[in-house]
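Worksheet for the structure shown next.
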Amino acid sequence: MEPANLSNLRGSSLRGSTRGSLRANSNSIWRNNGVEIFSRSSRDEDDEEALKWAALEKLPTFDRLRKGLLFGSQGAAAEVDINDLGFQERKNLLERLVKVADEDNEKFLLKLKNRIDRVGIDLPTIEVRYEHLNIDADAYVGSRSLPTFMNFMTNFVETLLNSLHILSSRKRQLTILKDISGIIKPCRMTLLLGPPSSGKTTLLLALAGKLDPALKVTGKVSYNGHELHEFVPQRTAAYISQHDLHIGEMTVRETLEFSARCQGVGSRFEMLAELSRREKAANIKPDADIDIYMKAAATEGQEANVVTDYVLKILGLDICADTMVGDDMIRGISGGQKKRVTTGEMLVGPSKALFMDEISTGLDSSTTYSIVNSLRQSVQILKGTAVISLLQPAPETYNLFDDIILLSDGYIVYQGPRDDVLEFFESMGFKCPQRKGVADFLQEVTSKKDQQQYWSKRNEPYRFITSKEFAEAYQSFHVGRKLGDELATPFDKTKCHPAALTNEKYGIGKKELLKVCTERELLLMKRNSFVYMFKFSQLTIMALITMTLFFRTEMPRDTTDDGGIYAGALFFVVIMIMFNGMSELAMTIFKLPVFYKQRDLLFFPSWAYAIPSWILKIPVTLVEVGLWVILTYYVIGFDPNITRFLKQFLLLIVVNQMASGMFRFIGAVGRTMGVASTFGSFALLLQFALGGFVLSRDDVKSWWIWGYWISPMMYSVNSILVNEFDGKKWNHIVPGGNETLGSTVVKSRGFFPEAYWYWIGVGALVGFTVVFNFCYSLALAYLNPFDKPQAVLPEDGENAENGEVSSQITSTDGGDSISESQNNKKGMVLPFEPHSITFDDVVYSVDMPQEMKEQGAGEDRLVLLKGVSGAFRPGVLTALMGVSGAGKTTLMDVLAGRKTGGYIDGEIKISGYPKKQETFARISGYCEQNDIHSPYVTVYESLVYSAWLRLPQDVDEKTRKMFVDEVMELVELGPLRSALVGLPGVNGLSTEQRKRLTIAVELVANPSIIFMDEPTSGLDARAAAIVMRTVRNTVDTGRTVVCTIHQPSIDIFEAFDELFLMKRGGQEIYVGPLGRHSCHLIKYFESNPGVAKIKEGYNPATWMLEVTASAQEMMLGIDFTEVYKNSDLYRRNKALISELGVPRPGSKDLHFETQYSQSFWTQCVACLWKQHWSYWRNPAYTAVRFIFTTFIALIFGTMFWDLGTKVSKSQDLLNAMGSMYAAVLFLGVQNASSVQPVVAIERTVFYRERAAGMYSAIPYAFGQVSIEIPYIFVQSVFYGIIVYAMIGFEWDVGKFFWYLFIMFFTLLYFTFYGMMGVAVTPNQNVASIVAAFFYGVWNLFSGFIIPRPRMPVWWRWYYWANPVAWTLYGLVASQFGDIQTKLSDNETVEQFLRRYFGFKHDFLGVVAAVLTAYVFMFAFTFAFAIKAFNFQRR
């Protein structure tokens, strides 16, 4: 049959449905002998099934594709509608099709292919070509790339001048990919290999059509001869990122289902219609299960899809399908499972080409093998196209690939069949050793440090061959020549299948997109119900405080002053309802990374995401506002008319919706918390200051009046005031006037008293709501995330590859080392004392978790280590291994004294003396698995800091620096000396460089014993080799080193001298030497009857974990713990423990005069030194704060211009106080909230450094608190001088210094309050929520909204406990408290302040003392909390 032309499919399938129904004698269908019929158990069943099938065949095409025959558990077939398949039915169907993923997947895919082939339908294929591809980026190099305060300012000005073409850019061009060409063929698996920063991710992004527009690209990429602009590449191909970005509140199944619904079914439906038509014409009856599967896979819009279930199964995610994905805040699935969810998210779609970036990070080798194998089957059988980059592929995974692309330094060193790659390198003089994985060899052979060990031409001297030379040699190699010939012949476009390339931008229709996004938003709101409940309760508490503060019995309505108090209450109501929308800011930003990923993958347009997040919040608003109005309205004593009650309710609903829309918009524009909260503060400040309450309209300057008219707050406040003061209770005439009291009050504040202003306000707010939400949608559509990973390049003088060739990693018992490390020849600058560590019968248990008790666990304690014994000696490298949950990290934490809870029994000795944690911390180092370092210091500074605090006091600075230099050489960190550490995954060092820094930070402490937790996890083969070489060099200096290790390659595993193997449940099953090529280990396990022999060339580490698995133990009926306990090895180890457990003659127990190696003062100086660099190089915090302060100062200065000189009426004083009130609140809250993320990041570093015995908590707190003082001082002076001069306060030295003093201490206590918030809570999110609540209370009791004399007696005590009230008291009393000028009503300024606010000038001394006390109180609380609370759980 001719290949199907799928463009005519829909037409042909519908024509088929109108032809006559099946003939009555439909049995003739089954008499076609050439067709394979899947027979059932009995003839009768067959006949019944045939009748049902015949009935199905009579249906019109569209209905026929929606129905199928499903077999029940008894084997009877029933007709089902595809859309009505239940969970159990889908599960049973998959059980029949793919019972065991590894075994049955291929059979299932072949059945699918068989059905398609039988009627001669051709599957679409994609061939991807890239020709002469060059990709360049612009970057700052050397010290200019460090984000110091000065660089930030210089780069900012420079970028501005560049855009105006005044100055040329100082950025250097960096070439990522250099003139590369190649072909990715369908039906073949391509493996992309290359060392870090060789351009793998960039190549994959280029092939998938997802490159960053800022990059300069020349050359072309084409699919089946069509260039990327001729179709939609993002939907034709799927790019799977190496970053796992998911919404933590969704389960694994929900994540995949959402993705499947958004991506749609592609051309599956058309293909099925054509298939069905041809089968009908040829009298072919398909397998019923395959038929149902294909129909379900081709049905759009199903919430629960068979394809999703299938992908979950082959990725091994079916066991955690209903578990939350989780994130930093929510406990969820493991890292390896998250990686698989990222892969599954794209596999559920209809893409024919897959570009997968490092999909195996965090997975064990057997899982990686089974996933890659499933992908291979799918690619080869269903004619897909795949390029997969892997970090450390095991030999068996490597062998699954057909083609290899090897990238190095932006050049393609080799591209072609896997079988020819070794031949190419042998022709260049490099040979892969026998016990070396080919993939590992390929990653190392182009690296300057690793190349020499593979040189095989013994008769020629070795010279380093660059990536460029390899790339040139490849062109003349036979594989390269063949590729060149193929590229010379263009792809024949006429052979491109019409269904191969996608032209629609989205997978489903607009209505369906909106439905899918709405359902997800609803689900997330349910999952986040805690946030909404928390907001409700916070609002309830504030409502209770507000109504008891403005209690009706305490609120007369006789004078304009009384009206002013009511106006204050209404103003506060508007503020509360507006600021309650602020949580939208954080929630929007939190979801942005996932949104950007899904938007760029064309899952949905931005409007489909924006509309549900607006519409679904309306019911929340109704509840919040309803709660507030019902609680406060009548208790405060607002106008009792029910219409006015409902009008206030309506107005506040619109206010809340407007605020939520505004915060969403700000979040989408700001994109990070820092920028958004700064922008948010600006927007709020302008609204707040120009809302007509803080500064009366009559006093707004002409150049700011536009701000007054566009401030949503003005409309809100005006409407709510009119609604209240237009009521009956306020319509009596004021004595000596001709206006009602209500009208007078509204006018005195500069508002409009006419009743129609209520509706003007409501209308304006509705308009703002629509505009903000529309702009939110636009911002989502057109803005991209800020943070891009960036590399720090050395300047030309500092060549990155300046290290000489280091030794190969080998174990001490005789590996084939080519050149020994130099460190053996010369001793280190600082001597150290070698120590052994022995532990005998160590038991570790924790209290039984509540969940396990509920499941029926009877014991009180859960035992994690069951009597473990062993000895670690100097100069011996020990690997601590076992399956997940065996207790490797637990044992290490117990030995290192890092556990914060639980019960430890048994004896641990150091060189024969019982271990004391205080002294042990001084001679030991612990390299944690997650590399935690201060992000804003350089590599060299990190090491100097660690050495400064951990080496003894008698080591002078010169020796210390020499020692640091030695360690840097040992760990090969020389070229990165001035590189900034940075935040993981955002900027700074790569994973492998961070690992080496972690090791170096411990080494500079000159420890005798070092523990390392998974030093090679998440690294590629080359990086792992560098880290292991570092570890080996460390052991060769005579130290005791223990590493937990997970899935090592052969050469990493055999670099160890001894193995400590544990099984699940915390018991040891082998403790002893490995031997050459692991001979001792293999001999020990093979001597057990029934244990499978190791295959030639197989990895002993993998084999050992396989043969000791609990399933194997059950099968063989042996317990490896018992086997070990009865072996000679165990007895030998016990003898060794006894021998090392006795102190050597003449030795002394470890003893140090002090707990820390440095004095308290030195600790303080060192902590302050590190904080200094951390702040200086963090412009996102320090520079933004200064810019923000300067802007606010200029805004206030121009807004309240020259108001300080006006003191003719009471409103002037209220305006002046308003300027102080707004400034204090905004600057203070901005300081408090912006310091929190900085402190939160440093706190995690503090936990590691304190555990290492570097310093006590007080010096750390001292450094953190002290470094703020100069920055805040400059901030106060900046602000003070600008504002004082522009507002025109009296130029009196005393008053000016009072102003500066109060501003300085106010900003200090706000900043320390923010720091304290972090110190007393487990994480930054909780800290910001707790802190925010108090800002609201402080605002209410500050004395501006309701002065102290008007507060009810039962609340006055809180006025005195409120720091903001003291600040306002000080600012107003110092400026105006002694002025004798008369106001319009014959009262002096001094008398008015005493009567109305209760402010006295002679009370300033007390104010100063109280403000100072607040600063000390918050700083001390911070220090105490840091010392007392440890929120790290181990």
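Quick reminder: no glycine exception, Cβ is built from N, Cα and C everywhere.
Going by Swiss-Prot, these are the annotated features:
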REGION    1-22  region 'Disordered'
DOMAIN    161-434  domain 'ABC transporter 1'
DOMAIN    512-725  domain 'ABC transmembrane type-2 1'
TRANSMEM  530-550  transmembrane segment
TRANSMEM  563-583  transmembrane segment
TRANSMEM  649-669  transmembrane segment
TRANSMEM  675-695  transmembrane segment
TRANSMEM  702-722  transmembrane segment
TRANSMEM  760-780  transmembrane segment
REGION    793-824  region 'Disordered'
DOMAIN    837-1089  domain 'ABC transporter 2'
TRANSMEM  1181-1201  transmembrane segment
TRANSMEM  1221-1241  transmembrane segment
TRANSMEM  1296-1316  transmembrane segment
TRANSMEM  1326-1346  transmembrane segment
TRANSMEM  1357-1377  transmembrane segment
TRANSMEM  1406-1426  transmembrane segment
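Here the listed stretches are 563-583, 649-669, 1181-1201, 1296-1316, and the one with the most C-beta pairs under 8 angstroms to the transmembrane segment (1357-1377) is 1296-1316. Only residues 6 or more beyond the boundaries of the transmembrane segment (649-669), in the same chain, are considered here, and those with a CB under 8 A from a CB of the stretch are 573-574, 577-589, 592, 610, 613-614, 617-618, 621-622, 624-626, 628-629, 676, 679-680, 683, 712, 716, 719-720, 723, 758, 761-762, 765-766, 768-769, 772-773, 775-776, 779-780, 783. For the transmembrane segment (1181-1201), the partner stretch with the highest count of Cβ pairs under 8 angstroms, out of 563-583, 675-695, 702-722, 760-780, 1296-1316, is 675-695. Counted over residue pairs 6 or more apart, the CB atoms of the domain 'ABC transmembrane type-2 1' (512-725) and the domain 'ABC transporter 2' (837-1089) come under 8 Å in fewer than three pairs, which marks the two as apart. Same-chain residues lying 6 or more positions outside the transmembrane segment (1296-1316) and placing a CB less than 8 Å from one of its CB atoms are 1224, 1227-1229, 1231-1236, 1239, 1264-1265, 1268-1269, 1272-1273, 1275-1277, 1279-1280, 1284, 1289, 1327, 1331, 1334, 1363-1364, 1367, 1370-1371, 1374-1375, 1404, 1407-1408, 1411-1412, 1414-1415, 1418-1419, 1421-1422, 1425.
If you take every residue in the domain 'ABC transporter 2' (837-1089) and average the pLDDT, you get 89.
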